[in-house]
Amino acid sequence: MAQLFTKIIVYFLLFASPLLANQWPLHNNSLNDVVQWDHYSFEINGQRLFVFAGEWHYWRIPVPELWIDILEKIKAAGFTAFGIYVNWAYHAPNNYTVDFATGAHDITPILKMAKDVGLYVLLRPGPYINAEVNAGGFPLWVTTGEYGSLRNDDSRYTAAWEPYFTKISEIASEYQITKGGNVVTYQIENEFGDQWTGSPSRRVQYEPAAKYMELLEANARRNGIDIPLVANEPNMRAISWGKDWSNSSANVDVVGLDSYPSCWTCDLSVCTGTTGEYIAYQVIDYYGYFQETQPTMPSFFAEFQGGSYNPWGGPVGGCPEDIGPDFANLFYRWNIGQRVTAINLYMLYGGTNWGAIAAPVVASSYDYSSPISENRTIGAKYYETKLLTMFTRAARDLIVTDLIGNGTQYSTNPAIQTHVIRNPITNGTFYVTLHTISSSSTDETFQLHVNTSAGAFSIPRYGNSIRLNGHQSKIIVTDFQFGTHKLLYSTAEVLTYTVLDGIPTLALWVPTGESGEFSVLGGKWASVLRCEWCSDIQFHPEQDQTSNPTVSRLTVSFTQGQGMSVIKLDTGLRVVLLDRESAYYFWAPALNSDPSVPEDQSVLVQGPHLVRSAKIVGSTIRLTGDSAQTSPIEVFAPKQVRIIFWNDKELKTSKTSYDSLQASLPQPAYVKLPLLGPWKYNGSLPEKAQDYKDTSAAWISADHMKTSNPSPPATFPVLYADEYGFHNSIRIWRGYFTGNATGVVLKVQGGYAFGFSGWLNGKLLGSYLGNASVEHSHLTLPFNVSHVSTSSDNVLVIVHDDTGHDETTGALNPRGILEATLLSDNSSSKFSHWRVAGTAGGETNIDPMRGPYNEGGLYAERMGWHLPGFNDNAWSDAGSKLNFTGADIKFYRTTVPLNIPKGVDVSISFELSACGTTNAFRSQLFVNGYQMGRFNPWVGNQIEFPVPPGILDYTGDNTIGLSLWAQTEDGACAIVDWKINYVLGSSLDVTFNGEYLRPGWTSERLQYS
């Protein structure tokens, strides 16, 4: 019956005339009507909202004091919400602990800040999240096979996730919109398109998946979640969990789509191998998909491409330009033309894969080519995205639209296509224009055929043609309502507007040097009160001859060079004309915490690098933000405002002829970093010695003769590190044997870019250096007969560095030694026993502040040499050199002070490079105890490693450590330097006391020798 009903709906939607807006059913989850939705959009507390969100992950920036920086940058750009994954593994170091209290593990500050800043929250707690994170966010203790194949209704898996999911649901429930908070949706699972056996069109349900979803949904509801439950489709083929597609009891309230139309990785060859030829800027038809699969729900992207991750072996510095500002310009506008009214950009801020957070597909950086860079920089992509997000927040008519038509018939140039969407209630219309072949970057000009309340005609009527130059799109509006005024049309794009003292101020923009034309109903004449590189301004007053002959209108054509111009109409309306660069630095900070920002609850500010907030008290406006240099600032505010405070300092202010306020921002303080060094060092591989005693608390007998893992080893005992509670990074194996063995066959698996080295009785046998596209290595290592002892135990030492656990079904792929076979002339040699060491304390999580991802099993890590407060007085001096010969592992330390002044935001990165004659080494960068980067020059190209304040102590001493693992007898040589990414005058306090984030060394570490 559900099939027939759905087919009837889809047929009607695709071939009948558009329904009236009030004829579409308004849905809720039957628990309340606080969050509702229909065919057009979400509605929150009775108000429709264009949900433009961006994703970020608190666990990739584990400094709570910096979360406000990310949220303020999201808000300032015009976003109305943010998405956030909660990472089960980060909070559950073992199967008896769920930590939502220690340091950055406490997410409640984020949920409180969201309310204060004025952003809705799309909370995404998994339990599986993918996210290019180790095992997709599964705690690594569930990867052994002991909990089944995962992501089903297996009772063992259910028992694993329930404590975590119960706790996060309890926490989130207190911050829901229904209880006065700002959490508006709750995503169940992630990209779990497994509802159907075979084609979704057959609708034969896969019961283990459906029952799993029912368990998750019931748990959320039982623990207080009463907002809509959401699922996200991994692609346009899965069609799972949607009520418009089936009547399954496992369905959620609202379904969103995940789409990455450009390559999701900086390695374009990966996309070519998966989806065929990669064509940059090639768009996808989403309108038909949404109409067919979820016609009574909003067209909703739970994830839409915000960038691409950089894999091991990817290009230095990240992705090519086809994922930059032009991508944001074209693809996000394309989505508007597809009637999308809810988008979550993945990622808006990527952050860092510190410790062992990363899955094997990605290195330490999770910059993701995001609008906000890993080092917290905002640049061209952020500003280009802001041009649209400010518009979607201001364009109320955009929230309810029907697709009127699409094609080349709307343009005088066949090289241009147009999608026309119209609000059926207000007649506000949006013409989304782009190249007919979307991948084209030709320079095209055209007129647009529009149908307005004043009749049908082609625009511009007087000025120069509309221009699309390069990979660009433009949204041309007609009958655009703003305040009490209506824009009959504008070939310049609308940036934003606000209503001050009852009269709107409208901001329009064009690319630098281009022309625009706008027509305002009700105007008769206007004056140019500021002309900064403007030209060709013409005024054309006329009477409306169609709808109302008594209504006048004023049409203005112009060309705008670099700068800002201001025109004032006889109605009092101010129109601010901006070129692209000036629009980048034009802001509309809200005066209250309503995410939708009512039209009379913002001011307009031109000039600063960033405007974080605005508050008016009497005649004073208090602005906070960032400034890069001495620069002008201009504020459009209510007439009562006469005084500007910037970051709590009063500015010398003057008033313009068009009633704005002008002032100058001061130069930020000068900051210089001290030199790193001198360095001290110590050996960090005593385990390779034949007589090393592996009897401390660090070591466990690797003696399992069976495994729950679905992939059994070729030889026994089981030498899978996770079996013994060691899950991260470097693990050290010691295998004992007697007899006349001549070599060993080793198969080691550790994920893309992993590596290992082997020593026999202290002598190097060989190494696997790693490969960015290979997950395991099968080597035969011959023994030098002179190194084999015939009278005592021989010890084979394997140092194995994995790069994380695979995602999705690959989470159970073992990490460790899959085969260890001794070779001998008489085949009698066998290993007598094995010992293994990994993270100090194993799963007991002896460093709860930094958490379960931070450390591996290197001797230096187990002993705490990377931690502040460790006494290295007895170590050897290295001076400024970090180099040695021979196949070994050494650890280097230095302490360096910082004294960053207040009033500035400073971003710092470390730079690592190889020196000497070899790059066959692996290294880890530690900053005040945090592993902030893996530098593996044989495999990867990442050389820059940002470290945020809080991890760095900006007003005290900092302990910097580097492990160097030489995989050949040539040794290793590394250079460590650091640099300032930016210094900005800022309201953000980066000199806060973050000592609690940097717990120091204790003697407890001595037991893990």
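Glycine residues also receive a Cβ, built from the backbone N, Cα and C atoms like all the rest.
According to Swiss-Prot, the cysteine that forms a disulfide bond with CYS266, out of CYS319, CYS531, CYS534, is CYS319. The substrate site recorded in Swiss-Prot comprises TYR85, ASN130, ALA131, GLU132, TYR260, TYR368 together with one of ASN22, ASN190, ASN427, namely ASN190. Nearest neighbour of ASN682 (N-linked glycosylation site) by Cα distance, taken over the recorded positions ASN28, TYR260, CYS319, ASN406, ASN883: ASN883. Comparing the glycosylation sites ASN682, ASN784 by how many other C-beta atoms lie within 10 angstroms of each C-beta, the top residue is ASN682. GLU132 (substrate binding site): 23 other CB atoms within 10 A of its CB, across all protein chains. Counting every protein chain shown, 17 other Cβ atoms lie within 10 Å of the Cβ of ASN451 (N-linked glycosylation site).
A straight line from the CA of GLU303 (active site, nucleophile) to the CA of TYR260 (substrate binding site) spans 8 Å. Of all the active-site residues listed here (GLU191, GLU303), the one with the fewest other CB atoms within 10 A of its own CB is GLU191. Cβ neighbours within 10 Å of ASN190 (substrate binding site), excluding its own Cβ and spanning all shown chains: 24. With TYR85, ASN130, ALA131, GLU132, ASN190, TYR260, TYR368 listed as the residues that bind substrate, the site has a largest C-alpha separation of 19 Å. According to DSSP, ASN771 (N-linked glycosylation site) sits in a coil region rather than a helix or strand.
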